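Residues or ranges marked as compositional bias 'Polar residues' in TrEMBL: 454-464, 473-483. Per TrEMBL, the feature domain 'Cation/H+ exchanger transmembrane' maps to 31-442. Annotated region 'Disordered' per TrEMBL: 454-483, in sequence order. The feature transmembrane segment is assigned by TrEMBL to 20-43, 55-72, 78-99, 106-129, 218-240, 261-286, 306-328, 340-365, 385-405, 417-437.
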Amino acid sequence: MASELASMFPKLGSLGTSDHGSVVSINLFVALLCACIVIGHLLEENRWINESITALIIGLGVGVVILLISGGKSSHVLVFSEDLFFIYLLPPIIFNAGFQVKKKQFFVNFITIMLFGAIGTLISCAIISLGAIKFFKKLDIGFLDIGDYLAIGAIFAATDSVCTLQVLHQDETPLLYSLVFGEGVVNDATSVVLFNAIQNFDLSSVNPTIALRFIGNFLYLFLASTLLGAATGLLSAYIVKKLYFGRHSTDREVALMMLMAYLSYMLAELFYFSGILTVFFCGIVMSHYTWHNVTESSRVTTRHTFATLSFLAETFLFLYVGMDALDIEKWKFVSDSPGLSVAVSSILMGLILLGRAAFVFPLSFLSNLMKKSSEEKITFRQQVIIWWAGLMRGAVSMALAYNKFTRLGHTQLQDNAIMITSTITIVLFSTVVFGLMTKPLISLLLPPQRQLSTVSSDANTPKSLTAPLLGSQEGSEVDLNSQDLPHPPSLRMLLSAPTHKVHRYWRKFDDSFMRPVFGGRGFTPVAPGSPTEQEP
């Protein structure tokens, strides 16, 4: 397709046709990214449209234009690539989310997040797989074995945390943001690990031994990925604290943080861990230690650099998906039986709705049983929003579907083409319809005055640059260190405030052992000419 577009333009100098085609493709995407930024700015106050939907619609529109120009041969200038998504686009998005997340809110709800992200994903996968087995056999869409049905469950159990990040805001709805976003990260990691396990395990004879091996493998991957991310973040903090690059060049500090963050993801991929979990926890550790060890100018630069890279990756991703949605090669295979394709998509969408409801409401009830304070419990209205916001499917589902049902982005089998087109249909429908309705739904169920009443600040995150960067008497951490908080003298009182107790012990350990070695909030390196030298 790129060569066909290139033929419509004169050659530039000595560039060959293939080289010029790449230049045309890059120019097209850069221009579209600029258009998305401008249009997104103009629609900033719109209660319906967000930047994900804007980029998706623009991608669809451009895909239609390219399809017409090419005479119906193709609608994109790039073939959907799993490597492009998993290696280049996803890492900056997940890292920035971990780097700027409010850690107190995240870890306070950690058990609930794990229930939703891990247990909930398994429940959703099981329901989708069982439903697909029951209904697809009646439709006779082709030969699908047990591994294919389980893979379908893993594919459509993966939520779209990217779109969710643009719909919810942690300053306006901190509890919902931490739950939905935290679940999204764990969900993506669980879905990918589950999908890979299904691909690697021999499912011809399922027995308890295989089930135990799978559970052990998942727990190992989760723990190893988390520890690798934390270790990489601590290593970066130690290097920056000891060498203090800022005395010579803040550029080196920023470059080192960026490279160490990406290194954590690639190391996880190298050792077959979950890169999503690794880079997420690397971002959390870097924001807690490394970010406070650099100069003030580097803090501002890193915060905006990571946010900008994440924003560009998100926008490019939805443009990419929108343009690839009109891939004529796969739609030709289902053109003879459009009713079958619609039926498959409808069944899968119904199973997604059912599968998510099957764990959100029961697990929310279970989570509420473990919480003593009524303010910490998840209300029914919040449960509805959590259920709704997690219905969107995105690039993770598409990447897994392409991995399972295509070879290098192409397929010559009708049943595989039906699964790909059904995935595309569900991604477009869920992103546009559910994405359009999420903001109004939040405004309806949680009026602004109720949202604002739950806002809490977290001084230990790079998200807030308006507060003193190195202050030690601000934010929620001081509240938990205050002498006014009673020390639980008994097991019963400990169970009534487990989060506060665990946080108190962590703060003591952090202040006594971790910060003296790795730096962090309160660490003020002084070097000639450094910005921190002039601080009072």
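Cβ coordinates are placed from backbone N, Cα and C, and glycine is handled just like the others.
Segment contact is absent for the transmembrane segment (20-43) and the transmembrane segment (218-240), given fewer than three CB pairs below 8 angstroms at sequence separation of 6 or more. Comparison of 55-72, 78-99, 340-365 by number of C-beta pairs under 8 angstroms to the transmembrane segment (106-129) places 340-365 first. It is 55-72 that, among the stretches 55-72, 78-99, 340-365, forms the most Cβ pairs under 8 Å with the transmembrane segment (306-328).
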